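Here's what TrEMBL has on this protein:
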type: SITE; residues: Arg16; note: site 'Transition state stabilizer'
type: SITE; residues: Lys23; note: site 'Transition state stabilizer'
type: SITE; residues: Arg159; note: site 'Positions MEP for the nucleophilic attack'
type: SITE; residues: Lys211; note: site 'Positions MEP for the nucleophilic attack'
Amino acid sequence: MSAVVALVPAAGRGVRLGESLPKAFVPVGGTPMVALAVAGLVASGVVDRVVVVVPEGLPQDIIDAALTSSLGALPPVPVQVVVGGAQRTDSVRAGITATPDATHYLVHDAARALTPPALIGRVVGALYAGNDAVVPALAVVDTIKSVDAAGVVTGTPDRAGLRAIQTPQGFTADVLRRAYAAEGAATDDAGLVERIGVPVHTVAGDPLAFKITTPLDLRLAESLVAQVVR
Ligand code: C5P
């Protein structure tokens, strides 16, 4: 039997946002980001269990309030809480360790709080179609340049071949476990999977799946949250 487990790393400090609470617990339109992210996963109807990875030492009442705040009308999907680590990879690894029964994983940043359920469905659909690793991708609108340590431009890759990658990223459980068992660092989970030589498939991303990172992102999310349909 398949078990699609969504890991939600929510253990970052989020210093770029400038709030006192850890970023994932900062409210957007009155609801903590992590609660919105979990609600989107549940509303997709394609997730069997959600594992939220929380910062060490965060008071239990803050966690409880966040995880009961937005799930009211949604179908019951078990939500498990595990404690994360210093780096995002440590937090994801804690989630993997806690879920030996998973057959497929989605790894979804709590900070992508407004991700549409349809996008989550596209990722799982591509996994069920036989892909071992699936990421949502958007065309890049800015020209991207590489620079050296002094800030001098060293190159301009062809924009047509570049994509901005979002979450949830989907993997067969075997592939994600193997990627995390191997040494190395990457800025996303698919980066670790690429290192072990597994092809990563893309599906269409969605601008609403943007990562809330800066105070401007938070203002944008606040203005959008009332219009997001779950
Ligand atoms: O810092 P960044 O925005 O890239 O973090 C992406 C996601 O990873 C956030 O949801 C954050 O809470 C999570 N994270 C984590 N554990 C860490 C660092 C980040 O769960 N140590």
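Placed from the backbone N, Cα and C atoms, the Cβ positions cover glycine too.
Of all the recorded sites listed here (Arg16, Arg159, Lys211), Arg16 has the Cα closest to the Cα of Lys23 (site 'Transition state stabilizer').
Counting only the Cα atoms, the space from Arg16 (site 'Transition state stabilizer') to Lys211 (site 'Positions MEP for the nucleophilic attack') is about 12 angstrom.
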